[in-house]
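Engineer: Sharing a structure below in structure tokens format, with a few things to ask.
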Amino acid sequence: MEWKLALPEIALAISALIILVAGVIPKRDTSFGVTMASLGALLLAGGLTLAQGEGSAFGGQYVADSFSTFMKLLAIAGAALGLMLALDWNTKQGIARFEFPILVLLATIGMMVMISANDLMALYMGLELLSLPLYVLAAFHRDSGRATEAGLKYFILGSLASGLLLYGASLVYGFAGTTNFDRLADAFSAQQGISAGVVVGIVFIIAALCFKISAVPFHMWTPDVYEGAPTPVTAFFASAPKVAAVALLTRVLAGPFGDTVAQWQQVIVLVSLLSMVMGAFAALGQRNIKRLMAYSSIGHIGFTLMGLAVGGESGLRGVLVYMAIYLFMNLGTFAVLVAMRRDGRALEGIDDLAGLGRTDPGMALAMAIFMFSMAGVPPMAGFFGKLYVLLPAIEQGFWVLAVVGVLSSVVSAYYYLRVIKVMYFDAPVGAFDARPAAVSVVLAGTGLFTGFMFLFPAPILAAARSAVVAILGAG
Amino acid sequence: MIAGLAFYLFAAILIACATMVVTSRNPVHSVLYLILGFFNAAGLFLLAGAEFLAMILVIVYVGAVAVLFLFVVMMLDIDFAKMREGFQRYAPFGAVVGGILFLELLMVMGTWQFSGDAAELRLSPVPGGVSNTVALGRVLYTDYVFLFQIAGLILLVAMMGAIVLTLRERPGTRRQVIEDQLAREGKVEILSVPSGKGIRELGIYRPLPKPEPAPKQVSHGHGHGHDDHGHGGHH
């Protein structure tokens, strides 16, 4: 039993338990210390992930390869940056409780289990361990009606998605006779025709995972939950769990179901098209910037799925590069949103950004970088993300996807550029409160990454390529 | 022979208990019948050689679930007479639903066929010469230890979530401070009270419970003293 292979997860779980005990015993408020300890635990898990060997453990339920390392590092980074954003916000909103970082830690374990899942059961357990803390985090501001509504809505629809996933998994198990990904791949490569039961099962599994990444037509919960949940929680929702769910979808579709590509490709193409169009047009009329970001994330997921639909080494590499860039530019944008606070009150309107270019030039510059990047303007990182999914789509002849992708990108540029226009050309309505230090750190880090990634893209591209080789070789 | 007799005994009592759970007028009796039913089901498991399941059934269902039911039934203020009011009205509809279900079961029974090796699979729960407790343990703690541990973490999250979302530390609640209670002196006395005579008539001081004053108006020391006397008289 090679249990040591799962050392990152084990270490993170044990640290979460220790931090929980250490946080609950003192009678005073321990949220700051617990957050710091949680950041340390995430750092430890990140280091262990880097040092992790390759192979499979626990009877083939757990697999570690360079794909899992790449995605786990992204998920851990997302969780850590989300925690840093929440540190000051929670205190100011009066919801600073020590359970918050621990729930984030447990959700991170769930993400890591998902990314390393090599079995339908491990997949489901990881997904639940991710989802349950997210439901609680969405409703963490329990005295706010909107947060409670967000949590309840997310919980009910999330449970429905879990049910779909289980139903699909049971169909696949019933028709293929195994839940292990490697043996599923063997079974499907041997069979001449795929039975209808397996196809229905795959579609159910895809639907459930599309719910988790809020792809159209399973996106209905996203704007309400993003708007209602506390802003740092929304930042976390929009970044790390999406990375984990996209990783899972990639591993499932490229690995065990790699030989049934004809069955699921059309589904992914359709979902990708709908998501890109929806993300572009529905965001046009939004006044609330959190709702805007919700639709924006739907559009970005559409682009990511384009890479998955195209498939192959270059398509999947595009998925990984896009997720890495999306994670950092998204967290950076949310850092600005977290810093939007005037006279102690948190603000969410796009109009509240008016005149930021004069009142806080540094933050306005960072926000402009993120908005240009999201719109896909070169030389920002977001441009390369779109480039690496559009190029394979054109090479492989997915013209519809590529054309719709470019057009929706043009439409979405309107609302990204409107934010910049509001910041630089509208009359100031007053300065924001002083930025907390942790938010400044996140802003600077993600801003530098987004703005200057074009100078050093090689490490990310190389890591993504070796990750894709690992997953395709296994499948 | 004896095993066969025991099977029919357990099964008959189990069915009788199940009927009584549904039909008995007193809900407490229902729960007690349920407990008896659990014991008989455990007996059936024992006959089938699944001693681990039998013990788990007794420990978990009788020890925890049924007792919890009992508490809930006793504590909830439900007017069971009122719940039964509609019985006459809904009985025909219920009978129709039950009849359809019964017919469907009969049709299933008519076409049901056991697979050829069902007889071998049945009642042979012990793989490879170990007891089924060991076998279950191997599955849970060796083959699927990874998933088992994650399930544990999920349950921890559920517990934390319930606490995070519902526990409120209200200011002004009077907590029991055990150290203070143990440290006080000269305030506790044990008096023997003849049964049937009210403590008020006997002159043992125990102040009548006053209507709870608003927390702001009452001085802390005063209220505390009264509480102490109350406890003392009670012992």
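Every residue gets a Cβ built from N, Cα and C, even glycine.
Note that TrEMBL annotation is computational and uncurated.
So TrEMBL lists these for the protein:
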- A:32-50: transmembrane segment (TRANSMEM)
- A:70-87: transmembrane segment (TRANSMEM)
- A:94-115: transmembrane segment (TRANSMEM)
- A:117-411: domain 'NADH:quinone oxidoreductase/Mrp antiporter transmembrane' (DOMAIN)
- A:121-140: transmembrane segment (TRANSMEM)
- A:152-176: transmembrane segment (TRANSMEM)
- A:196-221: transmembrane segment (TRANSMEM)
- A:233-254: transmembrane segment (TRANSMEM)
- A:292-312: transmembrane segment (TRANSMEM)
- A:318-340: transmembrane segment (TRANSMEM)
- A:361-385: transmembrane segment (TRANSMEM)
- A:397-417: transmembrane segment (TRANSMEM)
- A:437-456: transmembrane segment (TRANSMEM)
Engineer: Would you mind listing the long-range same-chain contacts of the transmembrane segment (A:121-140), meaning Cβ under 8 Å and 6+ residues beyond its ends?
Structural biologist: 61-62, 95, 97, 100, 103-104, 106-107, 109-115, 147-148, 150-152, 154-155, 158, 162, 165-166, 169, 179, 212, 225, 228-230, 233, 236-237, 241, 244-245, 248, 252
Engineer: Which of A:70-87, A:94-115, A:292-312, A:361-385, A:397-417 shares the most C-beta pairs under 8 angstroms with the transmembrane segment (A:233-254)?
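Structural biologist: Per the Cβ count, the answer is A:70-87.
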Engineer: List, by number or range, the same-chain residues at least 6 past the transmembrane segment (A:437-456) whose CB is under 8 A from its CB atoms?
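Structural biologist: Distant contacts of the transmembrane segment (A:437-456): 81, 84-85, 87-88, 325, 328-329, 331-332, 335-336, 338-339, 363, 365-366, 369-370, 373, 378-384.
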Engineer: Among the recorded stretches A:94-115, A:196-221, A:292-312, A:318-340, which has the greatest number of Cβ pairs closer than 8 Å to the transmembrane segment (A:361-385)?
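Structural biologist: Looking only at A:94-115, A:196-221, A:292-312, A:318-340, the most contacts with the transmembrane segment (A:361-385) come from A:318-340.
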Engineer: Do the transmembrane segment (A:292-312) and the transmembrane segment (A:397-417) share at least 3 Cβ pairs under 8 Å, sequence separation 6 or more?
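Structural biologist: Yes, these stretches are in contact.
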